[in-house]
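Student: Please see the structure below; I have some questions.
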Amino acid sequence: MGTTTVDCCATQLIDGDGVFNVSGLDNFIKTSNMAACGLSYAVVAIMGPQSSGKSTLMNHLFNTSFREMDAFRGRSQTTKGIWMAKCTGIEPCTIAMDLEGTDGRERGEDDTAFEKQSALFALAVSDIVLINMWCHDIGREQAANKPLLKTVFQVMMRLFSPRKTTLLFVIRDKTKTPLENLEPILREDIQKIWDAVPKPQAHVHTPLSEFFNVEVTALSSYEDKEDKFKEEVAQLRQRFYHSIAPGGLAGDRRGVVPASAFSISAQHIWKVIRENKDLDLPAHKVMVATVRCEEIANEKLDLLRSDKGWLELEEAVQVGPVQGFGEALSSIIDTYFSLYDEETIFFDEAVRKAKRKQLESNALDIVHPAYTTMIGLLRSKALDDFKAKLDQSLNNGEGFASSVQTLTHSILLGFDKGSADASVRQANWGASKLRDKLRRDIDSHALFVRDAKLLEITTNFEKQLAKALAEPVESLFEAGGKDTWLSVRRLLKRETEAAVSEFLDRIAGFELDEETVEKMQQGLRDYARKLVENKAREEAGKVLIRMKDRFSTVFNHDNDSLPRVWTGNEDIRAITKDARSASLKLLSDMAAIRLDEKPDQIDRVLQLSLINKTSAATSTQYTDKEASVDPLASSTWEEVSPGDVLISPVQCKSLWRQFQGETEYTITQAIAAQEAYKRNNNWLPPAWTIVAMAIFGFNEFMMLLKNPLLILGLFVAYLLGKALWVQMDVAGEFRHGTLPGLLSISSKVFPTVMNLLKRLAEEAQGNPAPEATEQHRSDSQIFKSQVQTPDSVSSSISNSALSSVGSSNDDSEFSTTNLLQRQRTNVSEAES
């Protein structure tokens, strides 16, 4: 049952107050896909007394979901108005309609109008009508809906064109009386009602079978014999399969409307029924004229739609504009209007004229899309011509404003001629709206082209300014000259004025108003200024790197830009101050934007606060209050707009502190290199030591002079010691530290002494070994290298200092603890 929920879902078509549910019906047709059925559908309605089990019968017969009466709550009205649902499992598509029961106490005895109207509606739209009646009511005068059937039979012939409807009488709760005995009685009652109904003259002798197929069936009690009831309902269900086929249960189906038009048909039928409560028909003459004139008008419309000349014209206009379109179309329309007038001349004049107006309106509705297409093509062609000619004029170097004015006039004139040729005589269609739209489109395109050209020109000049300013400004900031911002301002003014002057020449042909021109050139100036400001902000973010680079350059190079060699004669303090001053100049330049030539005290404050702290405290230019307050303890600079601040005073102080920490290692390396150079080039003891040795060692010296053997022994000892020194490379061993040097030398003393003794013995025999000769040369070279050791040590220390400065510049996160450790290591190496 899950797949049939949507199909069998009941929808209220007409509520109890007679309001037609248009949206509900449309939604029902959409969800049940009824519109796709064409003419292959059937409508089955059921009517009968209230609480007679109509909804129960429909639910079992068609698997619908109409609301059923709750027997435990008593007999009362369950179905209000008219409900409908799609039957499931039956071909073709079958729509079930459940009508409100008659003779209900809720509406009272006198209010039978809705009952009659709903019954009449059901007979009008249904192919099969089930009359639900109790078995015990057969033969009774006031039972089986006899009064209602009388009214229905009478108005059925007058309101609608005759159509044969099947009346299926369902006898409920059948007794032991056979159906063969009950059916003749029921048919006799129905015939009596038909004979008693007043009929038009044309149908006085028309039998009931001309309008209705009467069928009778009987069902057992649902409450007492439920299984039997379901079995009989299943058999009855088989009769509804293929009900619209020839010989099926449905009638002849004359005048049936397609399923897609069912909604409109049902609305119209209900509207007629509701508006004619007394069931009066319109005058016969007016009705015939209305129907016939409408048929003729529809016939002419069909001929117009299939007219060969019209079809060719319609097809041609889809390709492009057609010459003489209006005259040709007017002639075709006149032909069918004349034919209509000839065929309707004898009908009611008011109806004839009304239908002719409707024919004119419908005919013009048919041809109007082609006319609209024609005018649209003229407008599109005119607009395309304007675009092409405007581009051509601009490519030829003509002025923009003059080209637009000339082309607009000529294009609109051509459009007016084309629209006059396409006009239709029978219609009062004007092309003024499309002409106004064309004019707006032309103006819009001209404005678009103007804006695009101006944007292109502006973009080109902005690129030109960016190329002329970006790299020079960056170079000026990196150089950090004496008047950096003055140079930047001059550069900005020179390049901006040159660009603006050329820009004004380029846009002269657009004939812009002064306000727009002023706004555009001001925008160009603002762009140039913004470019410089952004470049300044970008460089401000790299100021620490720039400062370290500047410090390294000044500190490690002399006035001739040659690398310094720390020989001990340089004034490191003065060099450090100069290098820091140069770096501070960069920080001062990047602290704020100075494009407005406003004076400020940034450089002076930074010098006094970061370089000359001592002199700042005693300077007569500062008061005691000023000396006690840190001028950098602020987020803004005096006399500088907050928007122009690039680096606040607090940030400057923090940057300077970081800068000092990262450049301190370079200074320490230079000092260490000087000290090492001094020690390596100073082999003599101090002068006072030499004097003391001469005084206190005079007796020993005289003793040596008196004892030549002792002098010879000392000389031999010296030579042996010197040989051992060179052979074991004592100075080289101690480069790695005192303890490692002692351990290494102690392990080499004995082998070296034995080697020397061996060579001495061989030389005494006059057979020096080749290895000994080579070893002697090697010792000589080692000795010479030892003589040159002080210079090499100094050079290595100097190079180490330079390399340490470079590494400091590249790594701004160098740890102070690591710096101190490296300082101690390098000093100890230099000392060794």
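Using the three backbone atoms N, Cα and C, a Cβ is placed for every residue, glycine included.
In TrEMBL, annotation is done automatically, which means it is predicted and not curated.
In case it helps, TrEMBL gives these features for our protein:
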type: BINDING; residues: Gly48, Pro49, Gln50, Ser51, Ser52, Gly53, Lys54, Ser55; note: GTP binding site
type: COMPBIAS; residues: 780-791; note: compositional bias 'Polar residues'
type: COMPBIAS; residues: 792-809; note: compositional bias 'Low complexity'
type: COMPBIAS; residues: 816-832; note: compositional bias 'Polar residues'
type: DOMAIN; residues: 38-253; note: domain 'GB1/RHD3-type G'
type: REGION; residues: 764-832; note: region 'Disordered'
type: TOPO_DOM; residues: 1-684; note: topological domain 'Cytoplasmic'
type: TOPO_DOM; residues: 730-832; note: topological domain 'Cytoplasmic'
Student: Taking the Cβ of Ser52 (GTP binding site) as the centre, how many other Cβ atoms fall within a 10 Å radius?
Tutor: 23
Student: When neighbour density is defined as the number of other C-beta atoms within 10 angstroms of a residue's C-beta, which of the binding-site residues Gly48, Pro49, Gly53 has the lowest density?
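Tutor: So among Gly48, Pro49, Gly53, the binding-site residues given, the one with the fewest Cβ atoms within 10 Å is Pro49.
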Student: Ser51, Lys54: which of these binding-site residues has the highest Cβ count within 10 Å of its own Cβ?
Tutor: Lys54
Student: Would you identify which of the binding-site residues Gln50, Ser55 has the most other C-beta atoms lying within 10 angstroms of its C-beta?
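Tutor: Per the Cβ count within 10 Å, the most buried is Ser55.
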Student: Summarise the model's confidence over the domain 'GB1/RHD3-type G' (38-253) as a mean pLDDT value.
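Tutor: In the predicted model, the domain 'GB1/RHD3-type G' (38-253) has a mean pLDDT of 80.
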